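**Student:** Submitted below is the structure of interest, expressed as structure tokens.
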């Protein structure tokens, strides 16, 4: 009974996190897609659109498996479990490659900005497509291994099991460590370039570009930090399984942390994009109400400080 209460609580938190991801990622996707030509026709917004769409797909894949957490049914159809595990792992891997695509573009925009061809839609669209193909090849190859995608009673979901070390190591090395190492390396080069910026250069365009890159660098660094912290439980499960047996509660924490990571990353994408917030607030009338309130306060302030006419 206690186990059932525990997994029901985990399932509720799991649903809340995934619902946050779905709502905010869908807002970002629809806002950019609908207002593409007028406000968002740029490579950076294309990359944000790509990341948000991946977040949305991952949250959907999580919702598909949520009933498994509550039902406690170990007799799961093997094909269904493998497909769910494959799809969830594929989208989770693609998510990291979307960050890699952003890091590559930011490196182009900051360090190689004189090479205009690297900043074009064509080049970055190819990078985005490769970011979908590479994790597909890696995760599809795991289907050959019969134990790679399996139902974990400890977490009650179908995913790449950390008990099967070969599959878990392939995922960790090629889908997590390698792209993350490249991301950290690129941002290290970007930071070095920004810190060695010629501050005595009076070119206004260079100064504006420098300030913009610093702001974007801080935002993306926050996303990478979230990714690192929330990926620790999965790595702990692999390391502990090599040495001994992983505590069963860590499996659920691992699952929650992945969803928490994506929910936080979605919120960061939304709240650090002023244009998306502005358009959304205008659509729901929040911006207009806020402007009216400010104007009302200004009017009241003028009325209170108005000089009264002298009555003779």
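Using the three backbone atoms N, Cα and C, a Cβ is placed for every residue, glycine included.
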**Student:** Among 249-271, 272-294, find the range that TrEMBL records as transmembrane segment.
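**Tutor:** Going through 249-271, 272-294 one by one, TrEMBL gives transmembrane segment for 249-271.
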**Student:** If we call contact 3 or more Cβ pairs under 8 Å (sequence gap 6 or more), are the transmembrane segment (6-34) and the transmembrane segment (169-195) touching?
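**Tutor:** Not in contact, no.
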**Student:** Please indicate, using numbers and ranges, the residues of the same chain that are 6 or more beyond the transmembrane segment (125-149) and have a C-beta under 8 Å from a C-beta there.
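**Tutor:** Contacts with the transmembrane segment (125-149): 46-47, 50, 81-82, 84-86, 89-90, 93-94, 96-98, 100-101, 104-105, 158-161, 164, 166-167, 170-171, 174-175.
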**Student:** With a Cβ cut-off under 8 Å, give me the same-chain residues at least six positions beyond the ends of the transmembrane segment (249-271) that come close to it.
**Tutor:** 6-7, 10, 13-14, 17-18, 20-21, 24-25, 27-28, 48, 51-52, 55, 58-59, 62, 92, 95, 152, 154-155, 157, 159, 162, 219, 222-223, 226-227, 229-234, 236-237, 240, 277
